[in-house]
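Presented below is the structure to which this report refers.
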Amino acid sequence: GGAAVTGPPVPAAVDIQPACLGLYCGRTVLAVNGSLETYGDCGVCPRGQRTDDNKICRECVGSPDRYDWLYLGFMAMLPLVLHWFFIEWYSGKKSSSALFQHISALLECSVAAFVTLLVSDPVGSLHIRSCKVKKLSDWYTMLYNPSPDYVTTVHCTHEAVYPLYTIVFIYYAFCLVLMMLLRPFLVKKIACGLGKSDRFKSIYAALYFFPVLTVLQAVGGGLLYYAFPYIILVLSLVTLAVYMSASEVESFKDLLVRKKRLVVLFSHWLLHAYGIISISKLDKLEQNLPLLALVPIPTLFYLLTAKYTEPSRILAESGNGH
């Protein structure tokens, strides 16, 4: 500290580039001359770059690994599952239009995902150029802007997990636009058996849940990245149990009576398998694939124990006990 007070060393300190403060501040490469690189001032890295260990901004040249794709798949599934839930919720039992709306929702989300990949860098291909996620703080660079003198803040907020954070917002925007273009006409044409006010309720629901999903990604993107396999497993278990109890399914025969119940069951199984694959990342296939045999077990357990937990039976038995 004492050396800084005296006069002579100061010019020397100016000649040497001062240390780049902050976790995510870096120097951009201005020019490359053979093996020599010229660097700019310490600051924010341009989009599509992140700092290396020497605090130099480097281009993201990797591609997403399997877990990154599974995460993007999860974020892509969220609006689709919510679409299907609300279409089912508002179509009631008498409407035959639900199936067309389900197909429309699937088409919207699929096209949105395809277009999102096409417009992502490199443009026009289904590949993505990305940076590796190293730790949770990579998702929240805005929380790590340094204040060297505790007064001025050096703003170094950039997308260190490029493009995993912003690509989800682009996808949601395309989903919303495609829904507004396609669904109203479809619903108007085929929504027989529904009142005028009920027809568009599933679309109104989407106008509510898309902002919620956007805020969820903005605030909890990094947390979701690490927690989504467990969220899938828990939610698929809970919703399946709720659905089966609400539909009064108590035996295999009850399941086979209606095709819709089987469709719901298999879709839950697919989600469950997705969760198991995401946790194991399928690193060692011979160890991980047998885990998929666990998928039907919760359903079997429910069907085998349902008759013992029937509320009317428990009440009757407690009544007999008295």
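Cβ from N, Cα, C; glycine included.
Heads up, TrEMBL stuff is auto-annotated, nobody curated it.
Feature annotations, reproduced from TrEMBL:
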type	residues	note
TRANSMEM	69-87	transmembrane segment
TRANSMEM	99-119	transmembrane segment
TRANSMEM	162-182	transmembrane segment
TRANSMEM	203-220	transmembrane segment
TRANSMEM	226-246	transmembrane segment
TRANSMEM	262-282	transmembrane segment
TRANSMEM	288-305	transmembrane segment
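The recorded stretches the transmembrane segment (226-246) and the transmembrane segment (262-282) share 3+ CB pairs below 8 A when only pairs 6 or more apart in sequence are counted, and are therefore in contact. Non-local neighbours of the transmembrane segment (262-282) in the same chain are 66-67, 70-71, 73-74, 77, 228-230, 232-233, 235-237, 239-240, 243, 255-256, 288-289, 291-292, 294-296, 298-299; each lies 6+ residues outside the stretch with a CB under 8 Å from one of its CB atoms. Through the fold, the transmembrane segment (99-119) approaches residues 76, 79-80, 83-84, 87, 91, 125-126, 128, 167, 170-171, 174-175, 178-179, 182-183, 186-187, 190, 202 of its own chain, all at least 6 residues removed from its boundaries and within a Cβ separation under 8 Å.
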